[in-house]
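Undergrad: Attaching a single structure in structure tokens format; questions to follow.
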Amino acid sequence: MAKNIVVIGTQWGDEGKGKLVDLLTEHANAVVRFQGGHNAGHTLVIDGRKTVLHLIPSGILRDSVTCLIGNGVVLSPEALMQEIGVLESVGLSIRDRLIVSEACALILPVHIALDNAREAARGGKAIGTTGRGIGPAYEDKVARRGLRAGDLRDTAGLPERLRELLDYHNFMLTRYYGAQGVDFQETLDSLLDLGGKICPMLGDVAGILHRYQSAGENVLFEGAQGAMLDIDHGTYPYVTSSNTTAGGASCGTGVGLLNFDYVLGITKAYATRVGNGPFPTELLDATGEILTQKGAEFGATTGRRRRCGWFDAVLMRRSAKLNGLSGICLTKLDVLDGLPRIGICTGYRYDGQEIDTVPIGADNYARCEPIIEEMPGWQESTAGIRALDDLPANARAYIRRLEETTGVNVDIISTGPDRQDTIVIQNPFAAG
């Protein structure tokens, strides 16, 4: 029987989704991205070789898997072709296995210019975007003035639509932000060139997924960023511009909600956040520095240093409800090796009261102080362990406590960056 499995990040992104998608595609016929853009950075390590993907689904490293980019993704034609070029340079076949939705909103150079101009204008109140034009492209999509991937086929009508869009945005860039405008002819020439390469890969992704469902094919839906960066449910305004929760898999691909069978939440054994925004369990001491350095907590897309802190069970309970999690994949357990004590946030102090929920809004959330429960650490190495019983006793106790405090079973444990450094307790494709 066909299984549709959704993989999402449960925290603030960078949880290790790429590795798990790559691992699970052994059982999948297709992998589809459903939101975000090339602001994502999914790092895969296979047989010691590191690959970082930003836009193309993580299943691309398996020759038998079809990869799709759904309508919920904002697509940079330039970034897509650059990524294809990098993968083809190491001998991978890409273009015959990649299908891009005609309904994808396009990211243009003017969106990048707007993104950077806005962040500069915000100064100390900057959101901390990746500067890739994601937000402005989503704005144009919602305002119904943006270009879509299918428009690349209409070479006759493209110039007029592009000029209208650039006139609108260049007015804002030059008159309001005092920045340089974006050149029309240069943008048009680039789009026509890139369009000729991308158009053969365009297709009706929703229709293809419907056919897969009818044919009994397994499909993996790959989320980007994390649930607490969701435009509606995250720590607004320090969020991304798309729905990063599991519900985004439906509207971002055209697959109905009742067709999803399992939602796997990828969760670090501690917490990280990149950019600005409230982070109650953040560690600004030597332990935080250990997590940063040992966990190599630097962004795959921007190289920015990630802030590190203890696991937040309050946030995870919220995330579990928002996403309807079926199970958790716990990643980077090995980063905690050697710590004498490990903390878990089980509640917050908020305006003098103890609460066990996440307040709405960044200003309210910033007033929360974590209530930390400490557990003994372990000195043994967990790196590369592939059987649950081989983990140190204190590591197993830590995992059990995470299950108790979040209310969700840990079905998979990642003990290292390589595809095989994994303990699979319950395979989502085999779940009843």
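Yeah, the Cβs are placed from backbone N, Cα and C, and that goes for glycine too.
Annotations for this protein, taken from Swiss-Prot, read as follows:
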{"type": "BINDING", "residues": "13-19, 41-43, R306, 332-334, 414-416", "note": "GTP binding site"}
{"type": "ACT_SITE", "residues": "D14", "note": "active site, proton acceptor"}
{"type": "BINDING", "residues": "D14, G41", "note": "Mg(2+) binding site"}
{"type": "BINDING", "residues": "D14, E15, G16, K17, N39, A40, G41, H42, T130, R144, Q225, T240, R304", "note": "IMP binding site"}
{"type": "ACT_SITE", "residues": "H42", "note": "active site, proton donor"}
{"type": "BINDING", "residues": "A300, T301, T302, G303, R304, R305, R306", "note": "substrate binding site"}
Undergrad: So which of the binding-site residues is most packed in, judged by how many other Cβ atoms lie within 10 Å of its Cβ, out of G13, G41, G303?
TA: G13
Undergrad: Given the recorded positions D14, G41, T130, Q225, L333, T415, tell me which ones have a C-alpha lying within 10 Å of the C-alpha of R306 (substrate binding site).
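TA: For R306 (substrate binding site), the recorded positions whose Cα atoms are within 10 Å come to D14.
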Undergrad: If one measures from the C-alpha of L333 (GTP binding site) to the C-alpha of D14 (active site, proton acceptor), what distance in angstrom results, rounded to a whole number?
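TA: With distance taken Cα to Cα, D14 (active site, proton acceptor) is 14 Å from L333 (GTP binding site).
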Undergrad: Nearest to Q225 (IMP binding site) by Cα, among G13, D14, G16, R305, T415 (recorded positions)?
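TA: Minimum Cα distance from Q225 (IMP binding site) across G13, D14, G16, R305, T415 lands on G13.
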Undergrad: Determine, to the nearest whole angstrom, how far the Cα atom of K19 (GTP binding site) is from the Cα atom of N39 (IMP binding site).
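TA: Distance between the two Cα atoms comes out at 17 Å.
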Undergrad: Counting distance between Cα atoms, which of the binding-site residues N39, T130, G303, R304, R305 is nearest G13 (GTP binding site)?
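TA: So, of the listed binding-site residues, the one sitting closest to G13 (GTP binding site) is N39.
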Undergrad: Near T415 (GTP binding site), which residues of its chain come within a Cβ-Cβ distance under 8 Å, counting only those 6 or more away in sequence?
TA: L333, D334, T382, A383, G384, I385, R386, D421, T422, I423
Undergrad: In three-state terms from DSSP, label R304 (IMP binding site) for me.
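TA: Assignment for R304 (IMP binding site) reads coil.
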Undergrad: Fewest other CB within 10 angstroms, which one of the binding-site residues K19, R306?
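TA: It is R306 that, of the binding-site residues K19, R306, has the fewest other Cβ atoms within 10 Å.
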